[in-house]
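As written in TrEMBL, here are the features:
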{"type": "ACT_SITE", "residues": "C168", "note": "active site"}
{"type": "ACT_SITE", "residues": "H247", "note": "active site"}
{"type": "ACT_SITE", "residues": "H334", "note": "active site"}
{"type": "ACT_SITE", "residues": "H338", "note": "active site"}
{"type": "ACT_SITE", "residues": "H367", "note": "active site"}
{"type": "ACT_SITE", "residues": "N371", "note": "active site"}
{"type": "DOMAIN", "residues": "26-313", "note": "domain 'FAE'"}
{"type": "DOMAIN", "residues": "332-413", "note": "domain 'Beta-ketoacyl-[acyl-carrier-protein] synthase III C-terminal'"}
{"type": "SIGNAL", "residues": "1-22", "note": "signal peptide"}
Amino acid sequence: MDLLLLLLLVPLLFLAVTLVKSFRQRGDRHCYMLTYKCFKASEDRRLDTETCARIILRNKNLGLEEYRFLLQTIASSGIGQYTYAPKNVLNGNEEHPALADAVAEMEEIIFSTLDQVFEASGFGPTDIDILVVNVSLMASMPSLTARIINRYKMREDVKVYNLAGMGCSASLVAIDLVQHLFKCYKNALAVVVSTESLGPYWYCGKERSMMLSNCLFRAGGCSMLFTNKSSLRDRAIMKLNCLVRTHIGANDEAYNCCIQLEDELGYRGFCLTKSLPRSGGKALIENLKVLLPKMLPVKELLRYIIVTFVRKKINPKLVKGMMVRPDLKTGVEHFCIHPGGRAVIDEVGKSFELSEFDLEPARMTLHRFGNTSSGGLWYVLGYMEAKKRLKKGDRILMISLGAGFKCNNCVWEVLKDLKDGNVWDDSIDTYPYKSLVNPFVEKYGWINDENIGFLGQQEIDNLRESLSLELGAQPS
């Protein structure tokens with residue numbers, strides 16, 4: 001009898017241990033965010049109207065038509081006067097940047113945000129198990145991850161990854177890498193640093209499609225701390241519910257819509273073509289085909305399937321007035337859209353019938369900080385937090401687009417009420433702005449005067465020098 005009982009208990013005990021082990025391993029697969037810190041430069045780095053004008057006037061390759069194009073672009077960009085530029089650009093060294101300037105730019109952003117992350121979390125550099133850095137344009141020797149390890153004297157067994165060339169959507173690529181590594185490493189802490197090297201790549205030519213990047217991109221970045229430790233869940237601010245990456249680089253138009261080139265004068269820069277919005281739309285649609293079944297409730301999925309079937313196969317009049325698109329708001333409460341530009345934000349809002357309230361965080365981030373590349377999403381999240389919008393249980397859809405062409409989106413679940421002022425603490429009360437019109441038009445709108453078009457090149461050069469002296473810049 002005792003032997004029979006033992007034979008029955010052993011399988012039951014084995015099953016119980018297996019279930020507990022499986023449950024614990026499942027918990028270890030979660031990706032929790034403990035904290036994030038964005039970079040905010042000092043006030044002497046501000047790129048206000050006068051500073052922009054000085055930088056533009058230094059470019060001897062530009063003529064009257066280029067000035068008019070830049071005026072129109074800046075005025076309609078949605079970017080304000082409080083964004084920040086790299087030091088070498090402000091100091092007039094944009095045409096001949098030094099390696100020391102590029103390294104200093106990166107170290108300032110990376111080290112300052114990491115210092116804040118370690119201070120806020122209570123963890124030290126030696127506690128970190130995984131380190132991922134994404135900077136698209138700078139591949140130094142030694143790597144940026146090596147510079148971090150040397151600066152903070154991290155452990156010898158820290159797992160390091162240096163991602164380059166991933167564009168504005170690189171931050172979610174890095175987080176996707178972390179969540180996969182969490183399946184291999186239990187009870188781990190991971191740091192992700194997302195920023196961009198702008199100083200060495202400021203465009204000094206005259207090609208319009210390449211001048212756009214100077215109007216949109218600004219200095220910024222973010223460091224984040226993640227874990228899969230179930231014991232740290234109470235300290236976490238968000239949990240990653242799902243993440244989907246899409247790459248449509250096989251399409252030639254999409255591949256070439258955002259690409260680094262050299263112009264006919266030999267100046268290197270980024271070419272942003274008119275097909276960029278169309279390529280972004282294609283990538284977003286392909287991504288949502290996979291993401292929506294993961295984030296929307298079954299009821300909404302069934303409604304969308306039925307409405308689409310009736311509209312296409314039976315009679316469109318039967319579903320007249322009903323929403324044809326999936327209602328994203330049944331699956332998430334907030335939209336964290338990459339602040340890549342006004343056109344990008346407008347297109348996403350139009351495609352999913354989002355309200356101005358939904359688009360406000362992205363618009364205000366673009367106005368206050370500009371397009372900070374892969375770090376931009378976290379400034380948008382910071383705006384939501386500073387406005388005290390994020391409550392426990394809320395879900396956030398992050399939408400990011402980047403060169404390649406890539407669309408990487410994810411859904412976060414808020415684990416506690418968030419209300420930190422972060423980098424917005426000194427300006428959040430002034431937002432949202434009712435008008436996002438750039439004062440560039442008011443000060444330099446006379447450039448569009450038709451009579452100026454009759455000026456010769458010598459007169460244009462004289463006008464440039466007189467404006468430079470008026471603004472306190474060195475004449476060309």
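Glycine residues also receive a Cβ, built from the backbone N, Cα and C atoms like all the rest.
Long-range Cβ contacts of C168 (active site) within its own chain (separation 6+, distance under 8 Å): H338, G340, N371, S373, S374, G376, S400, L401, G402, A403.
Rounded to a whole number, the C-alpha distance linking H367 (active site) with H334 (active site) is 19 angstrom.
Rounded to a whole number, the C-alpha distance linking H247 (active site) with H334 (active site) is 24 angstrom. Within the same chain, the residues at least 6 positions away from H334 (active site) whose Cβ sits under 8 Å from its Cβ are D358, P361, M384, R389, L390, D394, R395, I396, L397, listed in sequence order. Summary for the active-site residues H247, H367: the Cβ-based neighbour count within 10 Å is maximal at H367. For H338 (active site), other Cβ atoms within 10 Å of its Cβ number 31. Its own atom aside, the Cβ of N371 (active site) has 26 Cβ atoms within 10 angstroms in the protein chains shown.
Under DSSP, residues within the domain 'Beta-ketoacyl-[acyl-carrier-protein] synthase III C-terminal' (332-413) fall into helix, strand and coil as 38 helix, 21 strand, 23 coil. Over the domain 'FAE' (26-313), the average per-residue pLDDT in this prediction is 93.
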